Amino acid sequence: MEREIKRKADGRDTERGTQREPDRRRWLAAGTAGVTVGVPVMALGTMLKAPLLLLGLLTEGLAQLAIPASVPRGFWALPENLTVVEGASVELRCGVSTPGSAVQWAKDGLLLGPDPRIPGFPRYRLEGDPARGEFHLHIEACDLSDDAEYECQVGRSEMGPELVSPRVILSVLVPPKLLYLTPEAGTMVTWVAGQEYVVSCLSGDAKPAPDITILLSGRTISDISANMNEGSQQKLFTVEATARVTPQSSDNGQLLVCEASSPALEAPIKASFTVNVLFPPGPPVIEWPGLDEGHVRAGQSLELPCVAQGGNPLATLQWLKNGQPVSTAWGTEHTQAVARSVLVMTVRPEDHGARLSCEAHNSVSAGTQERSIMLQVTFPPSAITILGSASQVENKNVTLSCVSKSSRPRVLLRWWLGWRQLLPMEETIMDGLHGGYISMSNLTFLARREDNGLTLTCEAFSEAFTKETFKKSLTLNIKYPAQKLWIEGAPEGQKLRAGTRVRLVCLAIGGNPEPSLTWYKDSRTVTESRLPQEPRRMQLGNVEKSGSTFSRELVLVTGPSDNQAKFTCKAGQLSASTQLAVQFPPTNVTILANASALRPGDALNLTCISVSSNPPVNLSWDKEGERLEGLAALPRRAPFRGSAAARSVLLQVSSRDHGQRVTCRAHSAELRETVSSFYRLNVLYRPEFLGEQVLVVTAVEQGEALLPVSVSANPAPEAFNWTFRGYRLSPAGGPRHRILSSGALHLWNVTRADDGLYQLHCQNSEGTAEALLRLDVHYAPTIRALQDPTEVNVGGSVDIVCTVDANPILPGMFSWERLGEDEEDQSLDDMEKISKGPTGRLRIHQAKLAQAGAYQCIVDNGVAPPARGLVRLVVRFAPQVEHPTPLTKVAAAGDSTSSATLHCRARGVPNIVFTWTKNGVPLDLQDPRYTEHTYHQGGVHSSLLTIANVSAAQDYALFTCTATNPLGSDQTNIQLVSISRPDPPSGLKVVSLTPHSVELEWKPGFDGGLPQRFYIRYEALGTPGFHYVDVLPPQATTFTLTGLQPSTRYKVWLLASNALGDSGLADKGTQLPITTPGLDQPSGEPEDQLPTEPPAGPSGLPLLPVLLGLGGLLLLSNASCVGGVLWQRRLRRLAEGVSGKTEAESEDRVRNEYEESQWTGEQDTRSSTVSTTEAEPYYRSLRDFSPQLPPTQEEVSYSRGFTGEDEDMAFPGHLYDEVERTYPPSGAWGPLYDEVQMSPWDLRWPEDAYQDPRGIYDRVAGDLDTLEPDSLPFELRGHLV
């Protein structure tokens, strides 16, 4: 088969080579043309050297290679036919003797091209050295597409003609990947032994076709046929092999394997499945436990194992008894291939002759295999029976028969009376059940009184049952009569009260059988009560025996029926009697009425009847405890030998009598006992509301309400109709109401709209009634009106009014709180609280500024949650301009290139309007050099006047800021001066003192328009020389001087400095004396150190000298042009931070020693110090001034001052809307007009990083000459023009 497949493949390859031959020839022609085209561009020298080069190559090649004789000319290596397995790599060799030629490969006539990378075939490439003529075709990871004819072609060139190698075949072997086995591989296939089955095995695509072998249990199956078919592609084949298999029992659990082998496989591939062969089991075997098979005794527990070997599946076992299944339980042991069933039974007599069978079979058994045993059972008699009566009258014959049940073998019988054996009259043997025998013996003897109570026994015995005895006994009963009978109990004629417990005893002597002693009452047999619910009036005891005396007790609780009754006791023919006299109250009291349906005003006649009593009774009437007079009837005879009585009464009924009881009482004076009966009046009347009817019901909003109904009617009201505001409520209920069965109206989710009168209409068959109920709905207060803001002038009176909607309205439900951070600000002691109805007032007398702020109205009427509302009190007052002392000064360079900003701040409500004057003349704000910006924050208002291009001649003046509102005005003056040295600091004082340090505090002076810093000079008395210390940070106003000695006196001076020089010693040479405490003295604040104050001086110059100086300056302006250029350069240097020298030698000494001080810290060049304290100067530096506008009112979040703890607070939407939106609230809702800076939206002067002071003073000492006060430029002089 394999050879046939190969021949078919070779035939197709031949045809393929024939078809592709023209393609090869066309490529050779094209290759030759390509070489010819390349010749003209070659150099002439190369053409001359070509023959020599070719000769050398041929000589070297022939020397190195051994070319076979079959190799065509021009090739030194030719390709060969190759066979390769799919996925492997292969190389087809081609060696060309003319290296310069164009070489390419052809695949089935398809030219692959001369490019070594072979485009379009990523797995193909040319390998070798082209210079040596090596053009080997290398193919990676071969697959079926590479199975083809190949030839190496050399194009025509100057070195030689065109060449074509012989065609070779590359044969790619494809191994089969899968085997398809039927039945499916990997499964368990069930077959029956001896039957023939067909197995097929199909291989996957392969080349060449594989050989298939099928094996079962390791044995090759010879009956197999194979068919070869074409695969899914050309050149691929599939083989299907079919085998016929007849399995045997030995093949069970073995593998059936299909193997496919191919030259492309190193080892055959396999597919298999497991064979499950079914075969019948062996015959069953019963293992009898003993030697005598089948012989057993009744009562014996028999265990019979049945075993069947082999079989697949293992045998199914069952036990049969006489052909009927008795056990279908069995077990299997697969390791031993055994099925086992054990029959467990208790042998019974009826099992004698039974046939026990064990059957074995499985699903492939041709029939059932069986093993049987016949049982032989030995059993004794199951019982002995004595026939006849053992009771007889004395002196008469007794005849008895003794019979045994069936037994195997038979038994013998004998009689015993006491210990005396009696001889039987006759013995008989009969056939019994289950193959056994029955024995019978008859006996007759004379009954005597002395034999009474003796035991008569019949005994059965046999040699087969030597260890067992079978008997039946009975006791003789010889009958004879009793001798005497009497009754013991209460004497006759004694009066007994009903309910008395009486004991009667009947006694008799002798007799057999024992006397029955039967009691009778008036000729009826006495028995106990049979029904459990009946009272147990009689207790009848059993007959008791004491020696030869017999007794029976009758205990009874006397009742009316026992009066004059006769009790008799009988024993056979004997009897005894006694009679009782019983007194009893009425057995029944009955009331009769002449009418059943009553209405108010009807007359009712009631008759009371006492049925029977002994002695007679007296009757009386009462109604709910009220005695009634009646009419009595004559007594008459009644049952139980008693007497009956009757009495009548007449009543006039009303609706109030409905349900009341009219009672009849029967009283026995002798018995001291009363029997009562009542008649309940049923009066029909229309509905009537009772006095306890609730007319007002209180409920809480969103809660529930129950409008109760207290109505009386007979019959009960048929309907309850509720009406609210003219609308009838649905009796079936609604989303928020339900009418209860009692008529009450249940409401839920109550709202204030439900408050009002509800009308109830009740109706029955007798009439109707109506009632009005009011529902009072309580609800939490809601603030309806709160005047916000509330305004008042200082010293005036005003009411903050809070109006609410609430129910209930309570007198003390209003309370007020003032919102603020300080507890002192929250006090309301000086305010009057007034509450009237739904309106609460907080009355303020003689309003003060401190009372301005936010107030909270809290209303709590007991219904949660309390209502809260915010209102602001605005206290209006006249403007109050901040007046710093001394006079405010602002410094700016007067060179017409700088700007200055004057800041005027005032407090007042309502809004303030600012006006400016310069030297008393109103300022023309239309002048583009002047710009004013006004800011309002609550009660604080600011006006910023910006002067552009400050000129010393025009703008060094006294500016006046006037603040005005409807309540008044106020003003302040601001001097615009030139840049100068700083003013001396003031207020130098000691804060704390220790043995080694002192803490100082001071107030800064005017900085001269330039950044200033401070340093301290101090000396110890008695020690020559001064010490200098820089204050860090530079703008600090407190400083701790360390390094001091204990118990030492010191003098301390404070100096200020900017780029133009020092301020001079503080207080014009006045020092601050300090004495440090000793180490043993406590440290703390000094008591005798007073702050130093600067001396008072003139705040300004007269106006006339200023004007004269200004005129002189104008006359000399032309002559100072050259000097102006020089001074302009110096000003530029001063603006860069260069300062001049001081005036005196002492100041030079100070500066020099100051340069030697060492310090570290952060740098700060704050341009000015701004203070709003009343005792401090109000100085402004305009350098780098950048005001920040406060946010608009829409940008302010009112939640800034609250924590959000009370979300139900009624808060105004926009504060101060009624006051022209000019009072935005502060961040914390504190007092509106506290004397604080304008935070959080205050105008801020930026804090620049300060420079190292050592560098500043170094440049001053090295670059500038000492300047006299008059030698400074005019723009820098600190004088008014």
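Glycine is no exception: its Cβ is also placed from the backbone N, Cα and C atoms.
Unlike curated entries, TrEMBL annotations are predicted automatically.
Under the heading region 'Disordered', TrEMBL lists 1-23 (among others).
The transmembrane segment annotation in TrEMBL covers 27-48.
Residues or ranges marked as domain 'Ig-like' by TrEMBL: 68-171 (among others).
Taken from TrEMBL, the feature domain 'Ig-like' applies to 283-374 (among others).
TrEMBL lists 381-475 (among others) with the feature domain 'Ig-like'. Broken down by DSSP into helix, strand and coil, the domain 'Ig-like' (381-475) contains 9 helix, 55 strand, 31 coil.
Among the features that TrEMBL reports, domain 'Ig-like' is placed at 481-581 (among others).
Sequence annotations record features per position, and here TrEMBL assigns domain 'Ig-like' to 585-676 (among others).
Note on the domain 'Ig-like' (781-862): mean pLDDT across this stretch is 89. If you look up TrEMBL, you'll see 781-862 (among others) marked as domain 'Ig-like'.
Annotated domain 'Ig-like' per TrEMBL: 879-980 (among others), in sequence order.
When the domain 'Fibronectin type-III' (984-1079) is classified with DSSP, helix, strand and coil residues number 4 helix, 48 strand, 44 coil. TrEMBL lists 984-1079 with the feature domain 'Fibronectin type-III'.
As annotated by TrEMBL, region 'Disordered' applies to 1066-1098 (among others).
Positions annotated as region 'Disordered' by TrEMBL: 1137-1195 (among others).
Taken from TrEMBL, the feature compositional bias 'Basic and acidic residues' covers 1142-1154.
Per TrEMBL, the feature compositional bias 'Polar residues' maps to 1157-1174.
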Interface present between the domain 'Ig-like' (381-475) and the domain 'Ig-like' (283-374) (three or more C-beta pairs under 8 A): yes
Secondary structure tally of the domain 'Ig-like' (879-980) (DSSP, helix then strand then coil): 4 helix, 61 strand, 37 coil
Helix-strand-coil residue split for the domain 'Ig-like' (481-581), DSSP-based: 3 helix, 52 strand, 46 coil
